[in-house]
Amino acid sequence: MYQDLIRNELNEAAETLANFLQDEANIHAIQRAAVLLADSFKAGGKVLSCGNGGSHCDAMHFAEELTGRYRENRPGYPAIAISDVSHLSCVSNDFGYEYVFSRYVESVGRAGDVLLGISTSGNSGNVIKAIEAARAQGMKVITLTGKDGGKMAGSADVEIRVPHFGYADRIQEIHIKVIHILIMLIEKEMVKG
C-alpha cells in the first residue's frame, strides 16, 4: 500500500546523507566543532544550545546526552539547552520572542563558553541574536544550518551546513546524526585529557 512511498522517503534520506558526505569539509567541520567543545569543557567552560521547533528539540537532545549519557557511562559535561519555559515565556512577553535565546546568553554565557545555534534555514532571528550575544560575551559559536546557510552563514567559528534545499526534515535528520557524532568525539577528546 505505502511501500513505494516508504522506499522513496528512505532513499531521499540516504541521498541527502551521501551528498553531505561527499564534501570533505563537512567531516573536518564536525571534527573542529568537537575539539572546540571539548577544549571549552577542559578549561571549565560550558555549552549553551538553542533552536526553534525541531531544532529546539535537537538542542535539548544535545544537552541531555552531554549531561546525562550517550553510549557509555562517564562524568556529565556542562551543557544547557535554552529551554526553560518560564524564561522563554517571560522574555517573549516582556521583550519579544526574538530575544528568548540572547537574553539567556547575556545572563549566563561567559568567555570560554560555546554556543551551539541550530537552524535548518539559517534565518532564525532569535538564534542570530543569540550568536550576536555570544560574540559580545567572548564565546565561541558553532552552527548547524541547512540550505545555503541563510543569514547565519559565516557567523560561526565552525558552521556545519547541510546543503539540502527540500523539506527541513531531511536537514534535521543529518543534524541529529552530527549531534551524536559530536558527543562521541567529545567523549574521546575528554578521555585524552
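Each residue, glycine too, has its Cβ placed from N, Cα and C.
Gln172 is the residue from Gln22, Gln172 that Swiss-Prot records in the substrate site together with Asn52, Gly53, Gly54, Glu65, Asn93, Asp94, Ser119, Thr120, Ser121, Ser124. Swiss-Prot lists His61, Glu65, Gln172 as binding Zn(2+), and of His87, His180 the one it places in that same site is His180. In three-state terms derived from DSSP, Asn52 (substrate binding site) belongs to neither a helical nor a strand segment and is classed as coil. In the structure shown, the C-beta of Ser119 has more C-beta neighbours within 10 angstroms than that of any other entry among the binding-site residues Asn52, Ser119, Gln172. Cα proximity to His61 (Zn(2+) binding site) (within 10 Å) is found for none of the binding-site residues Asn52, Asn93, Ser121, Gln172. Put simply, the two farthest-apart Cα atoms among Asn52, Gly53, Gly54, Glu65, Asn93, Asp94, Ser119, Thr120, Ser121, Ser124, Gln172, the recorded binders of substrate, are 32 Å from each other.
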